[in-house]
């Protein structure tokens, strides 16, 4: 890239220190213009007076010089660590603008790092996730991805596939060689089968990586006035939902975001399940059932005194879901093995339920040996590669030309994951998620 760009890398507003980044072919000259000569030693913080084009001192701060290609972006880069007052920041940014630099777009520094092959697309996504991480589980997954865990996996698949493709192309180029078909079967079939198995394992992860990014979904369902909203407030430790004695108080979905076991969790309170009395309640019930259908975990909440509620609720729960008998403080009538007996009003018994929820979240989202798919685009690309590889393997003996074409389709799908091929629309989407200055 020919242009030199700048951006404030720290949050806007008043602060102790502000960091301003600069990258591009003109970074060295602009650093000299503001901080004077001699230029600082690479990657060594140096205290300098920063001057505008008229020679007036704007501030005294630390400057750093990162000559390319040994920088984050792969280009000549510099940083100015100045006092974080708005007037100081504006003065330095204006001086850089006057020197010929341009304001960076969102994610432009990271995009330049990608285009200069300092990072691949999965590592860029990992960096974005690390910046957004709010829980320990998100931090660990993002750091692993940023450090190249997915890149190494996908590049390994690609290399193995290209090796297998050499055998397929050999069959196509030398069809009259008597020993080629046997060599093809031996050299390509088994590696392709191993690749297919590895991809199946990668996909069959219960969407663990995506859940770590966006949150493990838990939905509270049950009849009106069963105490779902009270339980939500108890788990959230705040008044997130309105609680009254009037059945049907909750009409729309109320969400609360929590951290359990170091992982993000989204708990949803829903409308009570019953024959709706009006169109608004009917829509609330429809949304409740839809949210429950797509939840990672359903918690059925029933009044401990009502057998009728229990029978209806048990028909809506599946293996792995939890059943809560609420309002224990009013007297227990119904009994169910494995049910959690509690009073959401007083909090008695809620601790055991919370511990069980946390254990379920840990079990389903815990780190495993194979890196996790963290985005929908990853899953779709691997599914595309898997479908192409399956066709390729099935056609090895009878149609090697078609097998070769499917192998190339699989390679392209894998390369789209790391950004080896031209995927401009994907790049725009990924880098637009970054803040200015990153």
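Cβ coordinates come from backbone N, Cα and C, glycine included.
Swiss-Prot lists 21, 79, 118, 438 with the feature (6S)-5-formyl-5,6,7,8-tetrahydrofolate binding site. A sphere of 10 angstroms centred on the C-beta of residue 21 ((6S)-5-formyl-5,6,7,8-tetrahydrofolate binding site) encloses 25 other C-beta atoms.
Per Swiss-Prot, GTP binding site is recorded for 225-230, 244-250, 269-272, and the stated evidence type is sequence analysis. DSSP classifies residue 271 (GTP binding site) as coil under the three-state reduction.
According to DSSP, residue 225 (GTP binding site) sits in a coil region rather than a helix or strand. The annotation K(+) binding site is assigned in Swiss-Prot to 225, 244, 246, 249.
Summarising the annotation, Swiss-Prot assigns Mg(2+) binding site to 229, 250 and lists sequence analysis as the type of evidence.
The domain 'TrmE-type G' annotation in Swiss-Prot covers 215-362.
The two recorded residues residue 229 (Mg(2+) binding site) and residue 118 ((6S)-5-formyl-5,6,7,8-tetrahydrofolate binding site) have their Cα atoms spaced 49 Å from each other.
Around the Cβ of residue 225 (GTP binding site), 23 further Cβ atoms fall within 10 Å across all displayed protein chains.
Burial estimate for the binding-site residues (118, 228): highest at 228, by number of other CB atoms within 10 Å. Taking all protein chains in view, 27 other C-beta atoms sit within 10 angstroms of the C-beta of residue 271 (GTP binding site). Take the binding-site residues 79, 229: by the count of other Cβ atoms within 10 Å of each Cβ, the lowest one is 79. Over the domain 'TrmE-type G' (215-362), the average per-residue pLDDT in this prediction is 86. Under DSSP, residues within the domain 'TrmE-type G' (215-362) fall into helix, strand and coil as 48 helix, 34 strand, 66 coil.
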